[in-house]
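Sequence annotations record features per position, and here TrEMBL assigns domain 'Major facilitator superfamily (MFS) profile' to 26-480. The transmembrane segment feature in TrEMBL is assigned to 19-39, 84-106, 113-132, 138-160, 172-195, 201-224, 286-310, 322-344, 351-375, 387-408, 429-449, 455-476.
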């Protein structure tokens, strides 16, 4: 029996190929699809802390802020508004729905077209939000933004995993998460400066600025090549072989190309990929597609990233100080993601998952203690000393760093690299849908939970950090350095998943068992 977690190394295949400038540039351009997701995460929390924006669209929240400043209501409850949370969370419900449609588009028409749809929908949403005159326009714009994010998040991680040489797949795929963090940082910086514009209309620039990342992914999708996997799926074998040779930088791509063709032929026998996900041999894949994004959202990171300015404002920072604190955490997020890019193919996925979990757990406990000691239950901290603010921001930054080099990038990388081709688009849609469902749920209930749980909210998320770290330790095998078409082999020697995956379920050529593929 192998070690806990299953350290199986697959079939030991080593396809020839190099990290060519062509594939590097291609993956960088594709990864910029994450900008739209990151920009939105960063921008939404910032504008909801801007007084002119609140007075125009959410006057009840603006009144609560004034009452909290005069100690008339609990500090924890000043942002508790169902309409405000609907503004934030409606995007993620839309992303959930569109990711299901994106599966079919990605499978039948290629990864590029899904990226293009994502960019154009996001562009339309940004325009409506920037010119919004009423709450319904804000929510309509958010829904269109969500449709765009659903398409982009479904297609970009798949694109990166299929284009990258297997030895560098982790680093190149994490480019997507790096792009998300850069988008968050840019949004936080823009919020800080736009909030200072006289006349109080800076929020329009913040919301309308989403047009820039939308144009980047739209134009990028037009110039990017399609992946060899996608070309083979659509019968373009000669073009796929030529493209694979250019991507790998070598002429000898015979073995890898044949494995891709075998996987594609097997996948065509699958008439119902969604139903196929329920087969016993795909039990580990389905479990990962559901639990990884579920746990990723229950780390509590979106509490920080969505509502960083709101959160800092709630715990006693002024509006400008809150926006600056969000800029600081955004910078830490970017820097820590670079650490993950450096280490993911060197240290492995499991090490980063587990180290990040321990780091987040400690920080959440410390932040809960700090806020509890100063705010207590009534949420009236009095005058907050400078050292207190520094300690809170420091530990939140350490927490963000732990997430940014572990569950942030790996939550997208690991699911996207483990799915066999015959279920890849459908399984990735499950992954994105679960991610968006729980992002929506957390965004929808956070402000209400903050009002009722108070500082205990951090302990709530800390509990899930413990649970998900246990899950990683026992149930997630190491996938570092394994060719994507050979990934099915890692489950056969796993102490637990081997009971679901039979010896003949995943054949060595990268396909599935040909005789049992059809349903």
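Keep in mind that glycine also has a Cβ here, set from the backbone N, Cα and C atoms.
Within the chain, the transmembrane segment (387-408) has long-range Cβ neighbours (under 8 A, six or more residues past its boundaries) at 177, 180-181, 295-296, 299, 301, 304, 312, 315-317, 321, 325, 328-329, 332-337, 339-340, 343, 352-353, 355-360, 363-364, 366-367, 370-371, 374, 468. Over the domain 'Major facilitator superfamily (MFS) profile' (26-480) the predicted model carries a mean pLDDT of 84. Beyond the transmembrane segment (138-160), the same-chain residues lying 6 or more positions past its ends with a Cβ under 8 Å from any Cβ of the stretch are 27, 30-31, 33-34, 36-37, 40, 57, 86-88, 90-99, 101-103, 105-106, 111-112, 114-115, 117-129, 132, 169, 172-173, 175-176, 207, 210, 214, 217, 224, 227, 412-413, 415-416, 424-425, 428-429, 432, 435-436. Among the recorded stretches 322-344, 351-375, 429-449, the one sharing the largest number of Cβ pairs closer than 8 Å with the transmembrane segment (172-195) is 322-344.
Pairs of Cβ atoms less than 8 Å apart link the transmembrane segment (19-39) most often to 201-224, out of 84-106, 113-132, 201-224, 455-476. Beyond the ends of the transmembrane segment (351-375), by six or more residues, the same chain brings 75-76, 299-300, 315-316, 340, 343-344, 381, 384, 388, 391-392, 395-396, 398-399, 401-403, 405-407, 410, 454-459, 461-462, 465-466, 468-469, 472-473, 476 to within a C-beta distance below 8 angstroms of the stretch. For the transmembrane segment (201-224), the list of distant contacts is 26, 29-30, 32-33, 35-36, 39-40, 43, 46-47, 50, 52-53, 112-113, 115-116, 118-120, 122-123, 125-127, 129-132, 141, 145, 148, 152, 159, 183, 187, 190-191, 193-195: same-chain residues at least six beyond its ends, Cβ to Cβ under 8 Å.
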